[in-house]
């Protein structure tokens, strides 16, 4: 497997575009992704009980066997907007279907931005028309820009691998910066591939991959009303997968997982106001569930995140988060490392160099390892530090 250029348009048969429709003052705000051959679609949606209109429509459409397009607007979430919001989301589907000549049941729709504000429908529909006209094999970067809200950088990646003498590609774009918390919430990610497989297998694979990637990130502990991860597989590589035992499936899942983790880490790294990425590794746990729960809990701890920002080796905040994660632990078995600096052994503090620990916490990517010494299950979660700028950004988000 190797990294390539092209994002969501790297796989065969995919086009994309991103345009400025006027929802935002000057930046791109409407994106369309289109598969020239109807693709098998799979998706995972936010677990927030309050779901935006586009999410409800996409949850219905994903039941269809085939998905040909994804339409997205940023700058307005179209959430908590009542019947007017549902009508607006349907109009987005109608306009996209008309422009591309496809059934509206083959379209996923997504929105992201401020909650509770009516969607400026005419601007969005005009943007959809412009985006459909601008669709190209080079449009992934523009689409990645058009789905951004408080993101500081667009997020896209693509990889390819060889199997059965053919080349398979997987590409993706994502957005997310604030309101990021585990359990499939607060971000959008769209992944394309030219491999072919049945819907049930694709959906199962996506769910497993999401649990290892997007569900393992946290920026601020808030779960959004709008977010989803979707994957479209159009089969144009000529490689068709029927079972999990096949070499092609194993290579595809590995590629999908790589793309998803790269996008998830990019979201965590770009957390609102963040200055560094935090990676928490929980090793030698009794179960995968326990390892994941503890890793997510530590990355979500505001006290720990603030300590990382201040380069303060306050490991007490880590062990405290381990303790309130809701899992059975034996403190006397636990070791904790800040990078390479061991600060806790068998539940007892060790003397360590504050300077060395500070150096570890000053890195762009801070790694914390929590060894439970009780089993063989491991998990990794990602987050970011908590800074003054996070408060500044969110104190005036609407205005």
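Using N, Cα and C of the backbone, Cβ positions are placed for all residues, glycine too.
Straight from Swiss-Prot, the features:
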- 186: active site, nucleophile (ACT_SITE)
- 149, 175, 186, 272, 394, 399: substrate binding site (BINDING)
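Fewest other C-beta atoms within 10 angstroms, among the binding-site residues 149, 175, 394, are seen around 394. Its own atom aside, the Cβ of residue 272 (substrate binding site) has 25 Cβ atoms within 10 angstroms in the protein chains shown.
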